[in-house]
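*Asks:* My questions will all concern the structure given below.
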């Protein structure tokens with residue numbers, strides 16, 4: 001097996017007297033989609049913020065390509081090739097797709113002592129990267145606000161990949177989307193994975209996770225309940241682990257097994 | 001290796017894109033409303049005041065200068081508004097900078113170029129302070145700059161009275177004679193061209209009075225040159241540079257922008273400094289032209305600047321707008337204000353008109369915003 005791009009070992013995170021993470025281990029290899037599942041309050045957000053350099057772990061080790069690392073800031077994590085697409089997407093609806101795609105990293109062309117935005121390049125790259133993700137833009141200067149939720153998610157993912165993400169953390173990318181939009185985003189995840197990027201897919205929807213995931217880790221009350229490989233675990237088992245077993249079994253009975 | 005991924009629907013070209021009608025697409029350009037407004041305003045005054053001399057060379061110069069005044073402060077207000085902030089201290093800054101110039105040059109006897117330099121340095125410093133306070137406190141810029149509206153106005157009157165016992169300081173024209181920097185703000189260009197045009201009979205000459213024999217307009221005032229230069233540079237900065245993208249981003253969503261590596265705080269502070277710079281350009285042109293500074297100059301200018309910007313299609317909430325639009329807004333403003341005078345309309349009605357056009361502009365802009373972002 002290939003060496004993990006990113007490895008977290010026995011991560012603990014305490015906020016005052018609250019123990020948000022109590023020893024979580026996780027790893028991501030190139031070209032795989034590792035799903036991190038958990039119910040609300042399980043510690044998913046704290047955990048991905050630790051991977052993204054926002055939080056410093058109270059205890060535990062982080063290894064990038066086998067080398068032990070301490071992220072001092074989100075910038076450090078980004079420099080190590082770890083990109084996070086949060087739910088707000090860091091997109092500005094009033095600005096064009098191109099302007100959003102390049103925001104903060106705009107390409108410039110020198111014109112004597114002056115430097116101007118290189119729109120031909122910016123537009124061409126944006127169109128091309130979006131095409132790779134399966135979206136043919138009508139025009140790169142259309143406002144992001146005119147895109148659907150799934151398309152916006154795809155712009156955010158394409159942007160992260162273009163700017164050198166080797167590990168892509170997606171924070172509940174499908175939670176606010178409809179069925180079609182969701183399948184589009186899942187297709188995008190599949191394309192990104194095939195480019196050799198390690199995708200960490202955070203979700204609380206087991207069906208979405210099973211559609212693209214290679215490995216599954218369930219977080220419950222700040223602990224991992226183990227990591228399962230694709231094909232070794234069923235949707236029901238995952239669902240049970242997420243909810244902590246018993247309560248859901250009772251619920252499922254009353255709901256007729258539809259959860 | 002992954003069957004599930006392959007089973008997902010293949011993306012197709014058209015069905016994931018909603019079509020937008022060409023009309024809506026045109027409406028989405030921020031300048032559109034202002035362009036249409038400019039045409040309407042010009043047609044109106046051609047009909048109503050076409051024979052009043054409004055469109056003769058002197059008339060054009062008259063509303064041209066007024067529009068240029070609005071345009072200069074509108075450029076600063078526009079870029080600041082797109083960056084998501086307001087500056088209500090513009091009017092007070094105009095009075096303040098003017099008094100600084102007159103005080104340093106006339107009362108204290110320094111050269112005028114030095115006085116102008118001092119005024120710019122102090123004003124831009126205060127602009128930076130405005131920005132710093134907004135960034136540091138997280139308070140709305142509306143409140144911070146409202147405080148400076150009063151602080152600067154009060155200081156201006158206090159300083160003028162405590163040093164010269166009056167609120168008007170004259171004698172700047174005499175002090176500015178032969179000053180190269182003062183000429184940059186108060187002089188005229190293309191004088192030769194205009195006297196040649198007059199000799200060719202293309203423009204009238206004065207027939208009587210002390211100026212008999214001179215052309216009725218003897219050049220383009222520098223204030224118009226300043227306005228054009230600021231508008232062109234502002235437009236290029238906003239639409240063609242990396243910094244311009246940061247201005248849009250800072251105003252569109254400052255959290256998203258800083259998460260993407262945009263130095264939002266720096267952008268905002270610089271825009272406050274630009275706003276102060278524009279106010280000082282206005283003040284300097286006025287002081288050199290009038291030959292005096294008065295502590296009450298610039299009253300309500302902050303609102304006139306903001307109105308020009310809003311007529312020009314910018315959103316009050318930031319992140320969207322255009323310098324060209326703001327310049328057209330200033331042109332509409334100037335043409336209407338002077339045009340009503342040419343048309344012989346009671347001048348108080350100008351404010352009624354202004355209120356109405358402001359309301360229409362904001363309603364149109366809100367509609368455009370909804371269209372772009374798909375909000376309801």
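Note that Cβ sites are derived from N, Cα and C of the backbone, with glycine treated the same way.
According to TrEMBL:
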- B:26-48: transmembrane segment (TRANSMEM)
- B:60-83: transmembrane segment (TRANSMEM)
- B:90-108: transmembrane segment (TRANSMEM)
- B:114-135: transmembrane segment (TRANSMEM)
- B:142-161: transmembrane segment (TRANSMEM)
- B:219-238: transmembrane segment (TRANSMEM)
- B:269-291: transmembrane segment (TRANSMEM)
- B:303-336: transmembrane segment (TRANSMEM)
- B:348-368: transmembrane segment (TRANSMEM)
*Asks:* For the transmembrane segment (B:269-291) and the transmembrane segment (B:303-336), decide whether they are in contact, meaning at least 3 CB pairs lie under 8 A, counting pairs 6 or more apart in sequence.
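*Replies:* They do not touch: fewer than three Cβ pairs between the two stretches lie under 8 Å.
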*Asks:* Answer with yes or no whether the transmembrane segment (B:219-238) touches the transmembrane segment (B:142-161) by the criterion of at least three Cβ pairs under 8 A, sequence separation 6 or more.
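*Replies:* Per Cβ check, the transmembrane segment (B:142-161) does not touch the transmembrane segment (B:219-238).
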*Asks:* Below 8 angstroms Cβ to Cβ, which residues of this chain, lying six or more residues outside the transmembrane segment (B:26-48), approach it?
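*Replies:* For the transmembrane segment (B:26-48), the list is 54-55, 311-314, 320-322, 324-326, 328-329, 331-332, 335-336, 339, 342-343, 357, 361, 364-365, 368, 371-372.
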*Asks:* So if I exclude everything within five residues of the ends of the transmembrane segment (B:60-83), which remaining residues of that chain have a CB under 8 angstroms from its CBs? That is, six or more out.
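*Replies:* Sequence-remote neighbours of the transmembrane segment (B:60-83) are 54, 90, 94, 217, 221, 223-224, 226-228, 230-231, 234, 237-238, 247-248, 250-251, 267-268, 271-272, 274-279, 281-282, 285-286, 301-302, 304-306, 308-309, 312, 314-316, 318-323, 325-327, 329-331, 333-335, 337-339.
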*Asks:* By a Cβ-Cβ criterion of under 8 Å, what residues six or more beyond either terminus of the transmembrane segment (B:219-238) are in contact with it?
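*Replies:* The answer is 61, 64-65, 67-69, 71-72, 75, 78-79, 82, 183-191, 193-194, 244, 247-248, 278, 281, 285, 289, 322-324, 326-327, 330.
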